[in-house]
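Each remark here refers to the structure printed beneath this line.
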């Protein structure tokens, strides 16, 4: 039933994994686990996160259904394992975790190796486009004048940094708790495609971003955790470029904004697979604020954000095709879903 999505996920992981190995050999840089020094290796973090999700799924449900009677805990937990954690769910979780792990680590390695393969940069050209779109003004300066440089900076900083835990949390939620398993495959396939297309964009049109290329534009901003993040990334970049023995990852690269791509993709998935209205609104607000933050702090150019939107839409559609979603008018599809499962809190696509 899910064979096409499984093949797509495996093929995507193999493709970008092989690309990472080849680039590593050409650039003479060893493959690294880019986040290994933070909260442990990626291969350890993802299974731990899924184990935590399993516990979060089982423990509260078991306690509530048993009315806190210890004699009922075992039978209720076993029933949940039997009805929810079946073979198809376990296959989805295993393929999803392994596939996403390979894609993400390959993405980070390909991103890190980019400066060793080319010194081309298109910051000047994209900067000219930005100024043309804003009638000769800097987008960052316009946003600073419109929303200020203090309170807005702190708010947008935390919105921007929320992206870091959002990715593993979202992947876990769709793999573990999606009632419709095809939605889990849809989400993880779309995620893999988005990260892969983002990597391709880095090699097609490499940039470092306006915040690094034109730092004077963003000096009026108050110091926030996002400022610390940018400084840390710049220092890591110089360390990786000049210290050939260092195993640190170089994490500065553009063209497309994957912050925009992934937050839009997540908002689309919430819109079309979750029936909770306030949650839909929350993720759309998160996407809009993230897009503003990329320009406000100088992480990306306007063209980068547009490319991120295109990547999200492409990944959303291709992931849907791989998982056999029916792209029809939402109202008709929703009526069909409700007739099939009246109590479902999901929206058909």
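From the backbone N, Cα and C atoms, a Cβ is placed for every residue, glycine too.
When the ranges 305-322, 323-340 are checked against TrEMBL, the one recorded as transmembrane segment is 305-322.
Annotated by TrEMBL as transmembrane segment, the relevant range among 89-107, 108-126 is 89-107. Simply put, out of 46-64, 184-205, 281-299, 305-322, 184-205 has the most Cβ pairs sitting under 8 Å from the transmembrane segment (7-26).
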